[in-house]
Amino acid sequence: MKITMIGAGYVGLVSGVCFADFGHDVVCVDKDEGKISALKKGQIPIFEPGLDHLVASNVASGRLNFTDDLKTAVAASDVVFIAVGTPSRRGDGHADLSYVYAAAREIAANLQGFTVVVTKSTVPVGTGDEVERIIRETNPAADVTVVSNPEFLREGAAIEDFKRPDRIVIGVDGSDGRAREVMTEVYRPLYLNQSPLVFTTRRTSELIKYAGNAFLAMKITFINEIADLCEKVGANVQDVARGIGLDGRIGSKFLHAGPGYGGSCFPKDTLALVKTAQDHDTPVRLVETTVAVNDNRKRAMGRKVIAAAGGDIRGSKIAVLGLTFKPNTDDMRDSPAIAVVQALQDAGARVTGYDPEGMENARKLIEGLDCARDPYEAAAEADALVIITEWNEFRALDFDRLKSTMKTPLLVDLRNIYRKDEVAKHGFRYASIGRPD
């Protein structure tokens, strides 16, 4: 099938290249001429394991192309996916849908023959209705069906998630079966591998995405609050998480205590769901609390580091390892590291950071951050070493080397990737999350 992907950002690029790898002819469209030029040269604007190889192989096969010419791409398409950004609207937390609606107008003006227009971006309930209204207002003669098909990709594992999904949710309204047939064909390689296609209404599909992300965010926030309680009563949050996670009704995923959730999805999607519910006079109190607790969590982690370092860090050097919101990505959006570093700086410390992939973005987002080339350069003459993001390369640190270069051998482990006895034998003081120290 001929597919156009509007938006060559994270979701659009990963989805487009995976569709091409399925054998479809895919054109990724973006208004950013610099981005398109770079992609044509094989320069990938984001870090995602395996993405560069997959782009190169599908470009070489002729199945994947990049352009800023939306008109030509849309006119030749069977399916057009809208995968543009939906950031939180400045000031009120609602999702900013201006890019989605602008894309809908441009798509409408260039449709030729029957076309399925799909919202792949995460959008509030009812957005598909407005996209359809815009298309029909712009081009009353258009033979089009608007479909919702939310993405469920985890940054750092997006290709695996796309090719081996737990489910594929497709929201289709009306009695015209053509869109259902088209979407089944688009996902045929996965359907043949028995990945379940969940067909539902458009509005239900849109809500599934928000409800799923909100539930996972609540699960993270729950275990973080349990971790705080563990510290007060002398319990171990990792054992608590294992003990409840083995219950099949609960499951073990997203029960890892830490500095709070961040990234491009959970913060904005929980906030957007809260606003949608308030607009319909049906507040979601659990999600409201999740948002508030998580915001405070990030700042509290800064205070935890300060307390571990003796309560006064004025003039101290603090080294932080891991700046992205999670491992295996260069995404700094709403990363807990931002709030932690700012809290340390506000308390008078000089902060030096290292991240395997996030340094370029960190420089843009964290003013006054000193940047190191590796963990040991970051730790030189440091009064404390803080692990914020659990990159694999931080799981086997040379503590003897660290001790020889640090001013004070103190490790504050905000991801619980070490045990106290492991680091104490090297002469380090150790603080972690939700465990007896």
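We number each residue from 1, going along the chain as drawn.
In case you wondered, yes, glycine gets a Cβ from its N, Cα and C as well.
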Record-annotated NAD(+) site (Swiss-Prot): member among VAL11, VAL55, VAL287 besides ASP30, LYS35, THR86, THR122, GLU155, LYS268, ARG333: VAL11
Candidate from LYS71, LYS317, LYS326, LYS364 that Swiss-Prot assigns to the same substrate site as GLU151, PHE152, LEU153, ARG154, GLU155, LYS209, ASN213, PHE254, LEU255, HIS256, ALA257, GLY258, GLY262: LYS326
Binding residues GLU151, PHE152, LEU153, ARG154, GLU155, LYS209, ASN213, PHE254, LEU255, HIS256, ALA257, GLY258, GLY262, LYS326 (substrate) - maximum C-alpha distance in whole Å: 26
Neighbourhood of GLU155 (NAD(+) binding site) by C-beta distance under 8 A, where only residues 6 or more apart in the same chain count: TYR10, GLU48, GLY263, SER264, LYS326, ASN328, THR329, ASP331
By Cα-Cα distance, the member of binding-site residues THR122, GLU151, LEU255, ALA257 nearest CYS265 (active site, nucleophile): THR122
Alpha-carbon spacing, ALA257 (substrate binding site) to ARG333 (NAD(+) binding site), which is rounded to whole Å: 20
Residue pair LEU153 (substrate binding site), LYS268 (NAD(+) binding site) - Cα distance, angstrom, rounded: 15
Three-class DSSP secondary structure - ASP30 (NAD(+) binding site): coil
